[in-house]
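Record features (TrEMBL):
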{"type": "DOMAIN", "residues": "138-196", "note": "domain 'Potassium channel'"}
{"type": "DOMAIN", "residues": "246-288", "note": "domain 'Potassium channel'"}
{"type": "REGION", "residues": "1-33", "note": "region 'Disordered'"}
{"type": "TRANSMEM", "residues": "43-69", "note": "transmembrane segment"}
{"type": "TRANSMEM", "residues": "140-159", "note": "transmembrane segment"}
{"type": "TRANSMEM", "residues": "171-189", "note": "transmembrane segment"}
{"type": "TRANSMEM", "residues": "236-259", "note": "transmembrane segment"}
{"type": "TRANSMEM", "residues": "328-349", "note": "transmembrane segment"}
């Protein structure tokens, strides 16, 4: 009986009720926190994989493109007005010279006209050297062009055809490169490792298929019980010539692609692919530099809205604009994959060089040992002379 009363009174105690409630309520409250930690752990694990690093670098380039577009389009370019003023002054001076020396003194007219044109040419050359391209910031910083600019920054190619003009743009470029270059190096190493393993597996499979298999030897090994001879497999190294053929095929593919899309010659396309994959990046040939920008698209769309009779050529032009931008996205993927192939060839060639150096070291040891034995066989061992003198 007392036990029953104790059992009944124990739930009524406020202390016991508080402890039980806290122990029960603490468990559900920790569940969301554990889920968040688990999700963060899984996200970090995925981002450290090859797919995660590739997706992260693409997302980083897209975000950087939108950021540069918003920053650099705020730049007020006064160069166009200055160029227009120079052109008007030049034409006015030419008119004054024509009025003064018209058909009276031809030599004086030619000399003064040449002097004015030389001065105008020098002024225009200086303005172009400072970065004037005859387009507004809205036309220059389109999304495809900004995307290629971000790619040139994080891959350290640096084409130089587009540069930030605003102070905020220059500062953001420094910050963007600070975080983007290590991310690209991580992508370079991971992608090179994955592609090297895949290509090595493919090469070994093709090598095994082309080799003649001696089934009699295997049957004898099975009968004798020497399974170790079967499990022993010779290490196959991918030759450097195979890596070179892969790079040449990839460069030729890019040559044909850029020649058709950018209307370049095959020599210029091959030149661009080689300088880009080697990270030289002169900037004289950049894909997307001749694309129709968003400002041109808006102007063509506004013209079509005002004109009732829409021109089919205008509509086809808009369609070609969309196709060009999709092609530039493919160019972006081509450059990233090309950098991965360069990393793959680097890893495979490094492995072959390591094996060759090891073989050369063993050959050198054998050569030295053979030379020593020949010398001992011809001249005798010097230690025998000392032993005879001692005895």
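Any Cβ shown, glycine's included, is placed from N, Cα and C.
Heads up, TrEMBL stuff is auto-annotated, nobody curated it.
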DSSP tally for the domain 'Potassium channel' (138-196), helix/strand/coil in that order, comes to 45 helix, 0 strand, 14 coil
Can you check how the pLDDT averages out over the domain 'Potassium channel' (246-288)? 88
Residue counts (helix, strand, coil, in that order) that DSSP gives for the domain 'Potassium channel' (246-288): 28 helix, 0 strand, 15 coil
